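Database features, via Swiss-Prot:
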ACT_SITE  SER179  active site
ACT_SITE  ASP381  active site
ACT_SITE  HIS445  active site
CARBOHYD  ASN406  N-linked glycosylation site
CARBOHYD  ASN442  N-linked glycosylation site
TOPO_DOM  20-512  topological domain 'Lumenal'
TOPO_DOM  534-599  topological domain 'Cytoplasmic'
TRANSMEM  513-533  transmembrane segment
Amino acid sequence: MLVRKLTLIGAALARAALALQQEDFVVNGELLPGVREIDRAEVPEMHAGLMPLEEDEDGRALFFWRMGEQCGKRCSNELIVWLNGGPGCSSMDGALMETGAFRVAEDGKLYLNSGSWHTRGTMLFVDQPVGTGFSRPGRDGRLRTELSQLADDFLLFMERYYAVFPEDRRRTLVLAGESYAGQYLPYFADAVVRRNAERAPEERYKLQNVMIGNGWVDPDLQSLSYVPFVSSRGLFGPETRNFQDILRDQEACQNAINHGPAKGFSHPECEGILPKLLSSIPGPDRPVQQCINMYDIRLRDVFPSCGMNWPADLPNVHKFFGTPGVLEALHVDPQVAGPWVECKSAVSEALVNAHSRPSVHLIPGLIEAGVKFVFFNGDQDVICNNMGVEMLIAELRWRGHMGFSNATENFDWYHSDADAKTLVAAGVVKRDGPVTFISVFNASHMVPFDVPRISRGIIDIERSATILGVKGDSRMLITVDTEEDVTLSTNAERNQQIRHNQLKRLNGDTRKFTIAVFGLTISSIIGVIVYFSMRLHYGAKIRAILTNPKSGTSSADDFSMDDEYTGTVMGDFHHGTHKKGQYYAVPDTDISSSELHSV
C-alpha cells in the first residue's frame, strides 16, 4: 500500500517535473573558481540544484550535483549515486574530496582529481536527509526520524530526477557511499526492489550493485570490533587507562547481543565502548591532550575531537563554497541556504530510528532479489574497521550458507599503471558470488581521499574488469589504468602543480609584502624615536618660535603584533610517499610484470 501511495505521489511529481528542464540545472563550469585553468576537454558536463520532493516550490527538496561520465574504453553506462553518511553529513564531501571530478586547493579553487570515478560512470552526489548540506526540510522545518522515511524521500527524488534526466533511467543504477550510508544504501535498495515488484519491466529501475565503503551496517557487532582492532595495533593492553572498565563494557555488549535483538536501534551497552577507548588512549605527550583519530589510526587529534577536525582538505571545501558566485552557479540561493556546513547535528539528532531496524537485516533479502554487494574498507579506519565489517559479513546468510563459504575466492589485489611495468600492492579481495569484501591498504575511513587512483579500481573489481595472475601460491587480481586514466592523471598532476605554483607565488608575494610592511613599520618607529630625541634636544627653540610652550600637547601610541598560530594539532604522522594523484607505496611489494603468470 505504501509503495502504491508513493507511486501515485511520484507520478504527480513526474508530471510536475515537466515544468523543470535540464537547462534549469546546467552548471557553467567557468563560474567555478579554478575551472578556467583546466582543459575544457577534462571538465565534465555538470548539473546541480534543488530537486523538489513536493509540488510546493518551497517544500522539501534534495540538493544534487551531477557529473557526466568521461570514461572512454571503460564506459559501462552506469549511474553511480554517491551518498556520504553522518547522519547529516553532506555528500559534497564525496564530490570534492573523494570520488568527484575535482579536488579543492588551499585557495578554494578547483583542480582535477586524478582518481575521479566519473571516468567509470555518471556520478550523482545527493545531499540527504532533508536538512543536510544544501537540501531543505520544507516550510514546517521537520526533519526525518526514521530510515524508512529517508527511503521514501529517495524514491521521490529518483522519480523526479529521472523525469528531468530520462537518459539516466536507461543506465544501470549503482548505489554507493560510505560510513552511515551503510544504513542508507540497503534501505534505499530495498525501496527500489519493492517499487520494481509493482512495475512493468520497462518501468523498473535497473538496480544492480550496492557499494558500501567503511560502512556502519551492524551497530552492535561492529562495536565489538573496537577492542580487538586497537589491540592488534598495539594501542590497548593492561597498561591502558580504564583497561578493566573497557573490558567490562565489552563483556556487557557481548552479553546483551547474546540475549537477543535490541529493543531500540542498538544495545545501549555497546554504544559506550568507542568513546571510552578514545578517551583512554592518548597520543604522545603534548601541551594539549591528544587522542587517536577515529577515522585514521595513524593520526592524532585534540581531545575530544578525536578526528572531527579531519580531513585536511575540509577548510578548502568551506572556502570554495564561501567564494562569491559559487552557490549561484550551482543554482542555490545563498540568502536561503546560508553557508555550507559539512555535518548538521540537528539532522543526526532527529534520526532516532525508534521503529527502524539496522540495515544488516535487509541485506540477505536484497541478495536473494539479485542485488550484489561490495564492501570496501580502508584498513586504517577505527570507527568502521575491517574486523567489524568482516564480522558482520560472517553473520550474513546467502545462498544457503552463513558468511563466506568454502567456494570463496581470495586474491591479493595489485594496481598497475597503463604500461604495467610495476605493480603496487593495493589490498586483498574476498569474493563469494554476490558478496565481495575489499580491504584497501594504507587507506582511512575515506578510501578515495587517501588513494584516489587505486580507489577507482574498486569499480573495476565490481565489474570484473580485471586481470588474473599467479605469483607463487598466491592468486592475484590486477586493476589497470586505461590510457584515458593516465591522460587524466597527467593533466591532473599538471593542473595541481600549476595551482601549487600559483599558491607558492601568492604566499611569497604575501610574505614579501608582510616583510616590507614590517620593515616600514620598524623604520617608522626608528624615525619617531629619532624625531622625539631631536625634539627633546631642540624642543625649547622650536616651541619658542612656533608655539606657546604652555599650550603644547603630547601623545604616545603603543604598537604590538601577535603572530601566534592557533591551528589544530594533528600529531607527528607524515604520509611519507603519499602525494595527491599518486600512491601510497607499500615497502617491498613492487612486482615486475615478468613475475606474473596469467591464469
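Cβ coordinates are placed from backbone N, Cα and C, and glycine is handled just like the others.
Shown on the structure are the features that Swiss-Prot records.
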residue : record                      : Cβ within 10 Å
SER179  : active site                 : 25
ASP381  : active site                 : 28
ASN406  : N-linked glycosylation site : 6
ASN442  : N-linked glycosylation site : 24
HIS445  : active site                 : 27
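Ranked by Cα separation from ASN442 (N-linked glycosylation site), the recorded positions SER179, ASP381, ASN406 are led by ASP381. Here the candidates are the recorded positions SER179, ASP381, ASN406, and by Cα distance the one nearest HIS445 (active site) turns out to be ASP381. In the three-state DSSP scheme, ASN442 (N-linked glycosylation site) falls into the coil class. ASN406 (N-linked glycosylation site) falls outside any helix or strand according to DSSP and counts as coil. It is 28 Å from the Cα atom of ASN406 (N-linked glycosylation site) to that of ASP381 (active site). SER179 (active site) sits 11 Å from ASP381 (active site), taking the CA atoms of both as reference points. On the 0 to 100 pLDDT scale, the model's mean across the topological domain 'Lumenal' (20-512) is 93.
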